[in-house]
Amino acid sequence: MNLPAVLNGLLVSVVAALLWKYVRLVEHTSQLEEELQLTRQSQEFSQVRIDYHGALLALQEHGTRMVCTGKMHTDRICRFDYLCYCTEAEEFVFFHSNASVMLPNLGSRRFQPALLDLSSVEDHNTQYFNFLELPAAALKFMPKPVFVPDVTLILNRFNPDNLMHIFHDDLLPVYYTMQQYSDLDDEARLVFMEGWGEGAHFDLYRLLSSKQPLLKDQLKTFGKLMCFTKSYVGLSKMTTWYQYGFVQPQGPKANILISGNEIRQFASFLMERLNITREEEEEDDDYIVVFKRTTNRLILNEAELLLALAQEFQMRTVTVSLEEQSFDNIIQIISRAAMLVSMHGAQMITSMFLPRGAAVVELFPYGVNPEQYTPYKTLASLPGMDLQYVAWRNTMEENTVTFPDRPWDQGGIVHLEKEEQERILASKEVPRHLCCRNPEWLFRIYQDTTVDLASFLDVLRDGLKKLNLKKAKVASTVHPGRVREPKCQTSVQATNEAKLSVSWQIPWNLKYLKVKEVKYEVWIQEQGENTYMPYILPHQNYTFSENIKPFTTYLVWVRCIFNKNLLGPFADVLICKT
(Lines of atoms letter the chains of each structure in order from A; the text may use other names.)
(Lines give C-alpha, C1' and ligand atoms only; values in the text may rest on other atoms or scores of the structure.)
Protein backbone atom coordinates (compact mmCIF):
# COMPACT_ATOMS: atom_id res chain seq x y z
CA MET A 1 0.00 0.00 0.00
CA ASN A 2 1.23 3.43 -0.94
CA LEU A 3 1.16 5.30 2.40
CA PRO A 4 1.58 8.81 0.93
CA ALA A 5 -1.39 8.17 -1.38
CA VAL A 6 -3.52 7.02 1.56
CA LEU A 7 -2.53 10.06 3.59
CA ASN A 8 -3.28 12.35 0.66
CA GLY A 9 -6.68 10.72 0.29
CA LEU A 10 -7.43 11.16 3.97
CA LEU A 11 -6.25 14.76 3.84
CA VAL A 12 -8.49 15.50 0.86
CA SER A 13 -11.47 13.93 2.68
CA VAL A 14 -10.81 15.94 5.84
CA VAL A 15 -10.38 19.18 3.88
CA ALA A 16 -13.56 18.45 1.89
CA ALA A 17 -15.49 17.80 5.11
CA LEU A 18 -14.15 21.00 6.66
CA LEU A 19 -15.00 22.98 3.54
CA TRP A 20 -18.53 21.49 3.53
CA LYS A 21 -19.00 22.43 7.18
CA TYR A 22 -17.62 25.89 6.45
CA VAL A 23 -20.02 26.36 3.53
CA ARG A 24 -22.95 25.19 5.69
CA LEU A 25 -21.81 27.52 8.46
CA VAL A 26 -21.56 30.44 6.02
CA GLU A 27 -25.04 29.61 4.67
CA HIS A 28 -26.45 29.37 8.18
CA THR A 29 -24.74 32.63 9.15
CA SER A 30 -26.10 34.26 6.00
CA GLN A 31 -29.58 32.95 6.78
CA LEU A 32 -29.35 34.25 10.35
CA GLU A 33 -28.15 37.63 9.08
CA GLU A 34 -31.02 37.73 6.58
CA GLU A 35 -33.55 36.82 9.26
CA LEU A 36 -32.01 39.42 11.57
CA GLN A 37 -32.29 42.02 8.80
CA LEU A 38 -35.91 41.01 8.10
CA THR A 39 -36.64 41.12 11.83
CA ARG A 40 -35.22 44.66 11.91
CA GLN A 41 -37.38 45.57 8.88
CA SER A 42 -40.44 44.09 10.58
CA GLN A 43 -39.70 46.09 13.72
CA GLU A 44 -39.34 49.30 11.73
CA PHE A 45 -43.15 49.20 11.77
CA SER A 46 -43.51 48.80 15.47
CA GLN A 47 -41.99 48.53 18.91
CA VAL A 48 -43.60 45.08 19.09
CA ARG A 49 -40.85 42.44 19.15
CA ILE A 50 -41.23 39.61 16.68
CA ASP A 51 -39.72 36.13 16.59
CA TYR A 52 -38.97 36.12 12.89
CA HIS A 53 -38.12 32.43 12.66
CA GLY A 54 -41.29 31.53 14.60
CA ALA A 55 -43.45 33.75 12.39
CA LEU A 56 -41.95 32.27 9.22
CA LEU A 57 -42.49 28.74 10.52
CA ALA A 58 -46.11 29.56 11.39
CA LEU A 59 -46.72 30.90 7.87
CA GLN A 60 -45.07 27.88 6.23
CA GLU A 61 -46.86 25.30 8.38
CA HIS A 62 -50.24 26.90 9.03
CA GLY A 63 -50.61 29.15 6.00
CA THR A 64 -53.19 31.93 6.00
CA ARG A 65 -56.34 31.72 8.12
CA MET A 66 -59.49 33.76 7.43
CA VAL A 67 -62.80 34.03 9.28
CA CYS A 68 -65.39 36.61 8.18
CA THR A 69 -68.63 38.10 9.44
CA GLY A 70 -71.44 39.13 7.09
CA LYS A 71 -73.36 37.27 4.41
CA MET A 72 -72.64 39.49 1.41
CA HIS A 73 -69.59 41.34 0.12
CA THR A 74 -71.32 44.60 1.05
CA ASP A 75 -71.50 43.79 4.79
CA ARG A 76 -68.47 41.54 5.22
CA ILE A 77 -65.43 42.15 7.46
CA CYS A 78 -62.71 39.49 7.57
CA ARG A 79 -60.09 38.64 10.18
CA PHE A 80 -56.86 37.15 8.85
CA ASP A 81 -53.81 35.50 10.35
CA TYR A 82 -50.82 35.82 8.02
CA LEU A 83 -52.45 37.57 5.09
CA CYS A 84 -49.63 38.62 2.77
CA TYR A 85 -49.21 41.34 0.16
CA CYS A 86 -46.87 41.21 -2.83
CA THR A 87 -45.72 44.78 -3.46
CA GLU A 88 -44.47 44.00 -7.00
CA ALA A 89 -47.72 42.39 -8.16
CA GLU A 90 -49.83 44.70 -5.96
CA GLU A 91 -51.89 41.70 -4.90
CA PHE A 92 -52.86 40.20 -1.57
CA VAL A 93 -51.92 36.53 -1.22
CA PHE A 94 -53.61 33.71 0.71
CA PHE A 95 -51.16 30.86 1.38
CA HIS A 96 -52.78 27.42 1.59
CA SER A 97 -51.57 24.68 3.90
CA ASN A 98 -53.30 21.71 5.53
CA ALA A 99 -54.04 23.97 8.51
CA SER A 100 -55.48 26.90 6.52
CA VAL A 101 -59.00 28.13 7.25
CA MET A 102 -61.17 30.08 4.80
CA LEU A 103 -64.64 30.96 6.08
CA PRO A 104 -66.75 31.59 4.14
CA ASN A 105 -65.32 29.21 1.54
CA LEU A 106 -67.02 30.70 -1.50
CA GLY A 107 -65.03 29.13 -4.30
CA SER A 108 -65.46 31.12 -7.50
CA ARG A 109 -68.37 33.05 -5.93
CA ARG A 110 -65.63 35.09 -4.26
CA PHE A 111 -65.27 36.90 -7.59
CA GLN A 112 -68.97 37.76 -7.97
CA PRO A 113 -68.06 40.53 -7.65
CA ALA A 114 -65.65 40.44 -4.65
CA LEU A 115 -65.01 39.05 -1.19
CA LEU A 116 -65.75 42.43 0.42
CA ASP A 117 -65.76 46.21 0.06
CA LEU A 118 -62.53 47.86 1.23
CA SER A 119 -64.32 51.16 1.91
CA SER A 120 -67.60 52.07 3.58
CA VAL A 121 -69.08 53.13 0.22
CA GLU A 122 -71.28 50.22 -0.71
CA ASP A 123 -70.63 48.08 -3.78
CA HIS A 124 -68.38 50.54 -5.62
CA ASN A 125 -66.35 48.70 -8.25
CA THR A 126 -63.14 50.62 -7.43
CA GLN A 127 -63.31 49.51 -3.78
CA TYR A 128 -63.44 45.72 -4.06
CA PHE A 129 -61.07 43.44 -2.13
CA ASN A 130 -59.86 39.99 -3.12
CA PHE A 131 -56.70 37.92 -2.96
CA LEU A 132 -54.67 35.47 -5.01
CA GLU A 133 -54.05 31.94 -3.73
CA LEU A 134 -50.78 30.00 -3.52
CA PRO A 135 -49.65 26.84 -1.74
CA ALA A 136 -47.47 27.57 1.28
CA ALA A 137 -44.73 25.53 -0.44
CA ALA A 138 -44.39 28.40 -2.95
CA LEU A 139 -42.77 30.47 -0.19
CA LYS A 140 -39.49 28.62 -0.90
CA PHE A 141 -39.30 30.33 -4.29
CA MET A 142 -40.38 33.79 -3.19
CA PRO A 143 -38.59 36.69 -1.48
CA LYS A 144 -38.40 36.24 2.28
CA PRO A 145 -41.43 37.93 3.85
CA VAL A 146 -41.28 41.00 6.06
CA PHE A 147 -43.77 40.58 8.91
CA VAL A 148 -45.96 43.37 10.25
CA PRO A 149 -46.30 42.49 13.95
CA ASP A 150 -49.07 44.98 14.77
CA VAL A 151 -52.75 44.17 14.62
CA THR A 152 -53.78 46.04 11.47
CA LEU A 153 -56.99 47.36 9.96
CA ILE A 154 -56.71 47.31 6.16
CA LEU A 155 -59.06 49.60 4.24
CA ASN A 156 -59.50 52.13 1.46
CA ARG A 157 -60.07 55.81 2.12
CA PHE A 158 -62.72 56.91 -0.36
CA ASN A 159 -61.73 60.54 -0.99
CA PRO A 160 -59.16 61.90 1.49
CA ASP A 161 -59.16 65.36 -0.11
CA ASN A 162 -62.76 66.08 0.92
CA LEU A 163 -63.77 66.66 4.56
CA MET A 164 -67.28 65.25 4.14
CA HIS A 165 -65.88 62.02 2.70
CA ILE A 166 -63.13 61.88 5.34
CA PHE A 167 -65.63 61.96 8.19
CA HIS A 168 -68.58 60.10 6.69
CA ASP A 169 -66.72 57.42 4.70
CA ASP A 170 -63.51 56.96 6.70
CA LEU A 171 -63.19 58.32 10.24
CA LEU A 172 -66.59 57.32 11.62
CA PRO A 173 -66.55 53.83 10.05
CA VAL A 174 -62.95 53.22 11.17
CA TYR A 175 -63.72 54.39 14.71
CA TYR A 176 -66.73 52.10 15.11
CA THR A 177 -65.08 49.16 13.33
CA MET A 178 -62.30 49.46 15.91
CA GLN A 179 -64.95 49.52 18.66
CA GLN A 180 -66.35 46.28 17.25
CA TYR A 181 -63.13 44.27 17.72
CA SER A 182 -61.31 44.44 21.05
CA ASP A 183 -57.82 43.89 19.59
CA LEU A 184 -58.25 46.89 17.27
CA ASP A 185 -57.24 49.13 20.13
CA ASP A 186 -55.09 52.24 20.34
CA GLU A 187 -52.03 50.13 19.47
CA ALA A 188 -53.53 48.90 16.19
CA ARG A 189 -52.21 50.20 12.89
CA LEU A 190 -54.26 51.49 9.96
CA VAL A 191 -53.17 50.48 6.45
CA PHE A 192 -54.63 52.50 3.55
CA MET A 193 -54.64 50.57 0.26
CA GLU A 194 -56.44 52.94 -2.13
CA GLY A 195 -53.17 54.42 -3.40
CA TRP A 196 -53.75 58.10 -2.54
CA GLY A 197 -51.12 60.29 -0.91
CA GLU A 198 -51.58 61.58 2.62
CA GLY A 199 -53.90 64.43 1.65
CA ALA A 200 -54.50 67.74 3.42
CA HIS A 201 -56.17 66.24 6.50
CA PHE A 202 -53.96 63.21 7.23
CA ASP A 203 -53.56 64.37 10.83
CA LEU A 204 -57.21 63.47 11.41
CA TYR A 205 -56.48 59.83 10.58
CA ARG A 206 -53.54 59.88 12.98
CA LEU A 207 -55.96 60.61 15.83
CA LEU A 208 -57.51 57.14 15.58
CA SER A 209 -54.42 55.21 16.72
CA SER A 210 -51.12 55.79 18.45
CA LYS A 211 -49.36 54.20 15.45
CA GLN A 212 -48.55 56.06 12.23
CA PRO A 213 -50.90 54.89 9.43
CA LEU A 214 -49.26 53.18 6.46
CA LEU A 215 -49.94 54.10 2.83
CA LYS A 216 -49.91 51.59 -0.01
CA ASP A 217 -46.83 53.14 -1.64
CA GLN A 218 -44.88 52.92 1.62
CA LEU A 219 -45.17 49.13 1.71
CA LYS A 220 -42.79 48.87 -1.27
CA THR A 221 -39.99 50.41 0.77
CA PHE A 222 -40.14 47.62 3.35
CA GLY A 223 -39.96 44.57 1.12
CA LYS A 224 -41.33 42.60 -1.80
CA LEU A 225 -43.56 40.35 0.31
CA MET A 226 -45.33 41.83 3.35
CA CYS A 227 -47.17 39.53 5.75
CA PHE A 228 -49.62 40.87 8.34
CA THR A 229 -49.53 38.58 11.37
CA LYS A 230 -53.06 39.61 12.37
CA SER A 231 -55.30 41.87 10.32
CA TYR A 232 -58.89 42.92 9.81
CA VAL A 233 -59.99 43.83 6.30
CA GLY A 234 -63.02 45.99 5.49
CA LEU A 235 -65.17 48.53 7.33
CA SER A 236 -68.50 48.58 9.08
CA LYS A 237 -71.12 50.53 7.11
CA MET A 238 -73.46 50.96 10.07
CA THR A 239 -72.34 54.56 10.66
CA THR A 240 -73.05 55.92 7.16
CA TRP A 241 -76.25 57.85 6.47
CA TYR A 242 -75.86 59.03 2.87
CA GLN A 243 -75.40 57.54 -0.60
CA TYR A 244 -73.71 59.63 -3.28
CA GLY A 245 -75.77 58.80 -6.33
CA PHE A 246 -73.75 56.16 -8.17
CA VAL A 247 -76.82 54.01 -8.93
CA GLN A 248 -79.70 56.38 -8.19
CA PRO A 249 -79.71 60.13 -7.48
CA GLN A 250 -78.00 60.96 -4.19
CA GLY A 251 -79.92 61.02 -0.93
CA PRO A 252 -80.23 59.51 2.56
CA LYS A 253 -79.60 55.77 2.80
CA ALA A 254 -82.75 53.68 2.84
CA ASN A 255 -81.85 52.00 6.13
CA ILE A 256 -79.97 54.37 8.44
CA LEU A 257 -78.57 52.52 11.47
CA ILE A 258 -76.76 55.32 13.32
CA SER A 259 -78.19 57.93 15.68
CA GLY A 260 -76.94 61.26 16.93
CA ASN A 261 -75.78 59.55 20.11
CA GLU A 262 -73.05 57.63 18.25
CA ILE A 263 -72.13 60.70 16.17
CA ARG A 264 -71.72 62.79 19.32
CA GLN A 265 -69.67 60.12 21.08
CA PHE A 266 -67.31 60.06 18.11
CA ALA A 267 -67.16 63.87 18.03
CA SER A 268 -66.30 63.89 21.76
CA PHE A 269 -63.53 61.32 21.17
CA LEU A 270 -62.05 63.44 18.38
CA MET A 271 -62.25 66.63 20.46
CA GLU A 272 -60.48 64.86 23.31
CA ARG A 273 -57.70 63.77 20.95
CA LEU A 274 -57.45 67.37 19.71
CA ASN A 275 -57.33 68.64 23.33
CA ILE A 276 -60.52 70.64 22.84
CA THR A 277 -62.88 71.11 25.77
CA ARG A 278 -66.44 72.43 25.68
CA GLU A 279 -66.19 75.17 28.26
CA GLU A 280 -69.37 76.66 29.64
CA GLU A 281 -69.97 80.06 28.09
CA GLU A 282 -71.54 83.05 29.77
CA GLU A 283 -75.32 83.27 29.29
CA ASP A 284 -75.00 86.30 27.00
CA ASP A 285 -72.02 85.02 25.01
CA ASP A 286 -73.81 82.89 22.39
CA TYR A 287 -72.50 83.56 18.89
CA ILE A 288 -73.07 82.67 15.25
CA VAL A 289 -70.38 81.13 13.05
CA VAL A 290 -70.28 81.81 9.31
CA PHE A 291 -68.06 79.52 7.24
CA LYS A 292 -66.01 81.55 4.81
CA ARG A 293 -64.92 80.08 1.47
CA THR A 294 -62.02 81.76 -0.34
CA THR A 295 -61.76 80.18 -3.80
CA ASN A 296 -65.23 79.30 -5.08
CA ARG A 297 -68.90 79.25 -4.10
CA LEU A 298 -68.35 82.61 -2.42
CA ILE A 299 -70.84 84.71 -0.47
CA LEU A 300 -70.28 88.04 -2.21
CA ASN A 301 -71.97 90.19 0.45
CA GLU A 302 -70.50 88.39 3.44
CA ALA A 303 -70.06 91.55 5.56
CA GLU A 304 -73.73 92.51 5.10
CA LEU A 305 -74.79 88.96 5.93
CA LEU A 306 -72.79 89.00 9.17
CA LEU A 307 -74.33 92.32 10.19
CA ALA A 308 -77.87 91.14 9.38
CA LEU A 309 -77.40 87.98 11.49
CA ALA A 310 -75.99 89.97 14.41
CA GLN A 311 -78.90 92.41 14.34
CA GLU A 312 -81.58 89.73 13.89
CA PHE A 313 -80.42 87.45 16.70
CA GLN A 314 -78.63 89.99 18.90
CA MET A 315 -75.51 87.83 18.90
CA ARG A 316 -71.96 88.41 17.83
CA THR A 317 -70.89 86.79 14.57
CA VAL A 318 -67.53 85.21 13.75
CA THR A 319 -66.10 83.72 10.57
CA VAL A 320 -64.01 80.59 10.20
CA SER A 321 -62.05 79.40 7.16
CA LEU A 322 -60.32 76.12 6.37
CA GLU A 323 -57.75 78.04 4.35
CA GLU A 324 -56.90 80.49 7.13
CA GLN A 325 -57.31 78.55 10.41
CA SER A 326 -56.25 75.23 11.85
CA PHE A 327 -58.88 72.52 11.96
CA ASP A 328 -58.76 72.17 15.74
CA ASN A 329 -59.25 75.93 16.13
CA ILE A 330 -62.32 75.77 13.88
CA ILE A 331 -63.79 72.87 15.88
CA GLN A 332 -63.13 74.74 19.15
CA ILE A 333 -65.17 77.68 17.83
CA ILE A 334 -67.99 75.60 16.30
CA SER A 335 -68.37 73.40 19.39
CA ARG A 336 -69.77 76.36 21.37
CA ALA A 337 -71.72 78.14 18.62
CA ALA A 338 -75.45 78.77 18.59
CA MET A 339 -75.65 78.66 14.79
CA LEU A 340 -73.50 77.56 11.85
CA VAL A 341 -74.13 79.28 8.51
CA SER A 342 -72.43 78.05 5.35
CA MET A 343 -72.75 77.59 1.63
CA HIS A 344 -73.32 73.95 0.72
CA GLY A 345 -69.98 72.15 0.86
CA ALA A 346 -67.82 69.57 2.58
CA GLN A 347 -66.94 71.97 5.42
CA MET A 348 -70.50 71.58 6.73
CA ILE A 349 -69.63 68.14 8.12
CA THR A 350 -68.21 70.12 11.06
CA SER A 351 -71.84 70.66 12.14
CA MET A 352 -71.51 67.35 14.02
CA PHE A 353 -69.48 69.30 16.61
CA LEU A 354 -72.25 71.84 17.30
CA PRO A 355 -73.84 71.73 20.77
CA ARG A 356 -77.37 70.39 21.17
CA GLY A 357 -80.04 72.94 20.34
CA ALA A 358 -77.86 74.79 17.82
CA ALA A 359 -78.97 75.59 14.27
CA VAL A 360 -77.50 74.58 10.92
CA VAL A 361 -78.21 77.02 8.09
CA GLU A 362 -77.22 75.78 4.63
CA LEU A 363 -77.13 78.12 1.62
CA PHE A 364 -77.55 76.92 -1.97
CA PRO A 365 -76.61 78.75 -5.19
CA TYR A 366 -79.07 79.58 -7.95
CA GLY A 367 -80.63 76.58 -9.68
CA VAL A 368 -79.70 74.07 -6.95
CA ASN A 369 -82.66 72.49 -5.16
CA PRO A 370 -81.85 71.90 -1.46
CA GLU A 371 -84.19 68.88 -1.35
CA GLN A 372 -81.93 67.00 -3.77
CA TYR A 373 -78.65 67.43 -1.83
CA THR A 374 -79.20 66.59 1.82
CA PRO A 375 -76.14 65.04 3.55
CA TYR A 376 -76.08 67.77 6.21
CA LYS A 377 -79.84 67.99 6.60
CA THR A 378 -79.87 64.22 7.14
CA LEU A 379 -77.07 64.50 9.70
CA ALA A 380 -78.81 67.31 11.61
CA SER A 381 -82.08 65.34 11.58
CA LEU A 382 -80.69 62.11 13.04
CA PRO A 383 -82.42 61.22 16.33
CA GLY A 384 -80.24 62.44 19.16
CA MET A 385 -78.34 65.08 17.17
CA ASP A 386 -80.86 67.64 18.45
CA LEU A 387 -79.97 70.25 15.85
CA GLN A 388 -82.28 72.62 14.00
CA TYR A 389 -81.83 72.74 10.23
CA VAL A 390 -82.83 75.39 7.69
CA ALA A 391 -81.98 75.65 3.98
CA TRP A 392 -81.98 78.85 1.91
CA ARG A 393 -81.66 78.91 -1.87
CA ASN A 394 -80.93 81.77 -4.20
CA THR A 395 -83.92 82.18 -6.52
CA MET A 396 -82.69 85.41 -8.15
CA GLU A 397 -80.60 84.81 -11.24
CA GLU A 398 -79.30 88.38 -11.11
CA ASN A 399 -77.69 87.56 -7.74
CA THR A 400 -75.43 84.85 -9.13
CA VAL A 401 -72.02 84.99 -10.81
CA THR A 402 -71.19 82.08 -13.12
CA PHE A 403 -67.82 80.89 -14.45
CA PRO A 404 -68.35 79.14 -17.79
CA ASP A 405 -64.67 79.53 -18.77
CA ARG A 406 -63.27 77.57 -15.84
CA PRO A 407 -62.05 73.95 -16.20
CA TRP A 408 -64.89 71.41 -16.34
CA ASP A 409 -64.26 70.15 -12.79
CA GLN A 410 -64.73 73.69 -11.45
CA GLY A 411 -67.99 74.25 -13.27
CA GLY A 412 -66.78 75.33 -16.71
CA ILE A 413 -68.99 74.52 -19.70
CA VAL A 414 -67.11 75.98 -22.71
CA HIS A 415 -65.92 72.48 -23.65
CA LEU A 416 -69.55 71.46 -24.32
CA GLU A 417 -71.47 71.79 -27.58
CA LYS A 418 -72.98 75.27 -28.01
CA GLU A 419 -76.52 73.89 -27.86
CA GLU A 420 -75.79 72.17 -24.52
CA GLN A 421 -74.21 75.36 -23.13
CA GLU A 422 -77.32 77.34 -24.06
CA ARG A 423 -79.60 74.74 -22.46
CA ILE A 424 -77.63 74.88 -19.18
CA LEU A 425 -77.61 78.69 -19.14
CA ALA A 426 -81.39 78.79 -19.70
CA SER A 427 -82.18 76.12 -17.08
CA LYS A 428 -83.82 77.27 -13.83
CA GLU A 429 -83.02 74.15 -11.80
CA VAL A 430 -80.55 71.31 -12.06
CA PRO A 431 -82.56 68.12 -12.73
CA ARG A 432 -81.90 65.06 -10.59
CA HIS A 433 -78.77 63.29 -11.76
CA LEU A 434 -76.22 60.60 -10.96
CA CYS A 435 -72.74 61.21 -9.58
CA CYS A 436 -70.28 62.62 -10.45
CA ARG A 437 -69.59 64.69 -13.57
CA ASN A 438 -72.92 66.20 -14.48
CA PRO A 439 -71.88 69.50 -16.14
CA GLU A 440 -75.04 71.40 -15.19
CA TRP A 441 -74.61 70.46 -11.53
CA LEU A 442 -70.95 71.52 -11.54
CA PHE A 443 -71.76 74.77 -13.35
CA ARG A 444 -74.39 75.74 -10.78
CA ILE A 445 -72.72 74.52 -7.59
CA TYR A 446 -69.53 76.53 -8.28
CA GLN A 447 -71.37 79.85 -8.70
CA ASP A 448 -70.76 82.80 -6.38
CA THR A 449 -73.84 84.26 -4.69
CA THR A 450 -75.08 87.58 -3.38
CA VAL A 451 -77.43 86.53 -0.59
CA ASP A 452 -80.79 88.30 -0.66
CA LEU A 453 -80.95 89.27 3.00
CA ALA A 454 -84.72 89.79 3.16
CA SER A 455 -85.59 86.28 1.94
CA PHE A 456 -82.72 84.80 3.96
CA LEU A 457 -83.98 86.27 7.24
CA ASP A 458 -87.56 85.26 6.39
CA VAL A 459 -86.43 81.64 6.00
CA LEU A 460 -84.64 81.78 9.35
CA ARG A 461 -87.65 83.32 11.13
CA ASP A 462 -89.98 80.68 9.69
CA GLY A 463 -87.70 77.70 10.21
CA LEU A 464 -85.93 78.26 13.52
CA LYS A 465 -87.22 77.98 17.04
CA LYS A 466 -85.67 80.25 19.64
CA LEU A 467 -81.99 79.43 20.05
CA ASN A 468 -81.47 78.32 23.62
CA LEU A 469 -78.48 76.07 24.10
CA LYS A 470 -78.50 76.15 27.87
CA LYS A 471 -81.82 74.28 28.08
CA ALA A 472 -81.16 71.79 25.31
CA LYS A 473 -81.39 68.36 26.90
CA VAL A 474 -80.77 64.89 25.56
CA ALA A 475 -84.08 63.43 24.47
CA SER A 476 -84.78 59.99 25.92
CA THR A 477 -84.69 57.18 23.38
CA VAL A 478 -85.44 54.32 25.78
CA HIS A 479 -87.99 51.95 24.27
CA PRO A 480 -90.64 50.12 26.31
CA GLY A 481 -90.37 46.40 26.94
CA ARG A 482 -93.14 43.92 26.21
CA VAL A 483 -96.38 44.30 28.13
CA ARG A 484 -96.70 41.54 30.72
CA GLU A 485 -99.46 39.03 31.39
CA PRO A 486 -101.72 39.86 28.44
CA LYS A 487 -105.13 38.17 28.76
CA CYS A 488 -108.41 38.13 26.95
CA GLN A 489 -111.95 37.21 27.97
CA THR A 490 -114.99 36.91 25.75
CA SER A 491 -118.73 36.82 26.20
CA VAL A 492 -121.65 36.39 23.82
CA GLN A 493 -124.51 38.81 24.46
CA ALA A 494 -126.83 37.64 21.68
CA THR A 495 -126.77 35.76 18.40
CA ASN A 496 -125.23 38.79 16.72
CA GLU A 497 -123.50 40.50 19.63
CA ALA A 498 -120.29 39.66 21.53
CA LYS A 499 -117.66 41.34 23.67
CA LEU A 500 -113.89 40.92 23.80
CA SER A 501 -112.04 42.17 26.89
CA VAL A 502 -108.26 42.53 26.79
CA SER A 503 -106.00 43.38 29.77
CA TRP A 504 -102.27 43.45 30.49
CA GLN A 505 -99.63 44.65 32.95
CA ILE A 506 -97.15 47.46 32.30
CA PRO A 507 -93.73 46.66 30.77
CA TRP A 508 -91.16 45.68 33.40
CA ASN A 509 -88.81 48.59 32.61
CA LEU A 510 -91.55 51.25 32.92
CA LYS A 511 -91.38 51.22 36.73
CA TYR A 512 -87.79 52.49 36.53
CA LEU A 513 -88.47 55.26 34.00
CA LYS A 514 -89.93 58.74 33.98
CA VAL A 515 -92.04 58.91 30.84
CA LYS A 516 -94.28 61.83 29.88
CA GLU A 517 -96.85 59.80 27.96
CA VAL A 518 -97.58 56.07 28.00
CA LYS A 519 -100.12 54.54 25.64
CA TYR A 520 -100.89 51.08 24.35
CA GLU A 521 -101.60 49.82 20.87
CA VAL A 522 -103.94 46.86 20.35
CA TRP A 523 -104.37 45.03 17.05
CA ILE A 524 -107.39 42.77 16.57
CA GLN A 525 -107.60 40.44 13.58
CA GLU A 526 -110.31 37.95 12.75
CA GLN A 527 -108.65 34.60 12.10
CA GLY A 528 -108.39 33.93 8.38
CA GLU A 529 -108.62 37.61 7.42
CA ASN A 530 -105.73 39.74 6.09
CA THR A 531 -106.74 43.03 7.70
CA TYR A 532 -106.75 44.08 11.34
CA MET A 533 -108.22 46.87 13.45
CA PRO A 534 -105.68 49.00 15.38
CA TYR A 535 -106.56 50.89 18.57
CA ILE A 536 -104.52 53.37 20.65
CA LEU A 537 -105.53 53.19 24.31
CA PRO A 538 -104.48 55.08 27.47
CA HIS A 539 -105.29 52.27 29.95
CA GLN A 540 -104.30 48.65 30.59
CA ASN A 541 -107.67 47.09 29.86
CA TYR A 542 -110.47 47.61 27.42
CA THR A 543 -113.64 45.86 26.32
CA PHE A 544 -114.31 45.81 22.59
CA SER A 545 -117.80 45.27 21.22
CA GLU A 546 -117.84 47.06 17.89
CA ASN A 547 -117.29 44.62 15.00
CA ILE A 548 -116.86 41.69 17.44
CA LYS A 549 -118.91 38.69 16.23
CA PRO A 550 -120.10 35.69 18.23
CA PHE A 551 -118.52 32.25 17.72
CA THR A 552 -115.45 33.73 16.04
CA THR A 553 -111.72 33.38 16.73
CA TYR A 554 -109.70 36.60 17.05
CA LEU A 555 -105.94 37.15 17.14
CA VAL A 556 -104.91 40.01 19.46
CA TRP A 557 -101.54 41.77 19.77
CA VAL A 558 -100.64 44.41 22.40
CA ARG A 559 -97.64 46.71 22.70
CA CYS A 560 -96.61 49.79 24.67
CA ILE A 561 -95.70 53.21 23.22
CA PHE A 562 -93.66 55.92 24.99
CA ASN A 563 -94.09 59.57 24.00
CA LYS A 564 -95.98 58.80 20.76
CA ASN A 565 -93.09 57.39 18.75
CA LEU A 566 -90.99 55.04 20.91
CA LEU A 567 -92.56 51.70 20.07
CA GLY A 568 -92.09 48.55 22.12
CA PRO A 569 -92.33 44.96 20.86
CA PHE A 570 -95.66 43.17 20.63
CA ALA A 571 -96.39 40.58 23.30
CA ASP A 572 -97.12 37.02 22.18
CA VAL A 573 -100.33 36.79 20.21
CA LEU A 574 -103.53 36.08 22.14
CA ILE A 575 -106.04 33.66 20.62
CA CYS A 576 -109.49 34.68 21.77
CA LYS A 577 -112.69 32.75 20.91
CA THR A 578 -116.09 34.34 21.41
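Heads up, the Cβ atoms here are built off N, Cα and C, so glycines get one too.
If you look up Swiss-Prot, you'll see 1-4 marked as topological domain 'Cytoplasmic', on the strength of sequence analysis.
The transmembrane segment annotation in Swiss-Prot covers 5-25 and is backed by sequence analysis.
As annotated by Swiss-Prot, topological domain 'Lumenal' applies to 26-578.
Annotation comment: Swiss-Prot describes Asn98 (among others) as N-linked glycosylation site, evidence class sequence analysis. Other Cβ atoms within 10 Å of the Cβ of Asn98 (N-linked glycosylation site), summed over all protein chains shown, number 8.
Annotation source Swiss-Prot lists N-linked glycosylation site at Asn275 (among others), citing sequence analysis. DSSP assigns Asn275 (N-linked glycosylation site) to coil in the three-state reduction, placing it in neither a helix nor a strand.
Annotation source Swiss-Prot lists domain 'Fibronectin type-III' at 482-578. Mean model confidence for the domain 'Fibronectin type-III' (482-578) is a pLDDT of 95.
DSSP assigns Asn541 (N-linked glycosylation site) to a strand. Here Swiss-Prot flags Asn541 (among others) as N-linked glycosylation site.
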Candidate with the highest Cβ count within 10 Å, taken from the glycosylation sites Asn275, Asn541
Asn541
I want to verify one value. Collapsing DSSP to three states, which class is Asn98 (N-linked glycosylation site)?
coil
Rounding to whole Å, the Cα atoms of Asn275 (N-linked glycosylation site) and Asn98 (N-linked glycosylation site) are apart by 50
Sorry to bug you, but what's the C-alpha spacing from Asn98 (N-linked glycosylation site) to Asn541 (N-linked glycosylation site), rounded to the closest Å?
65
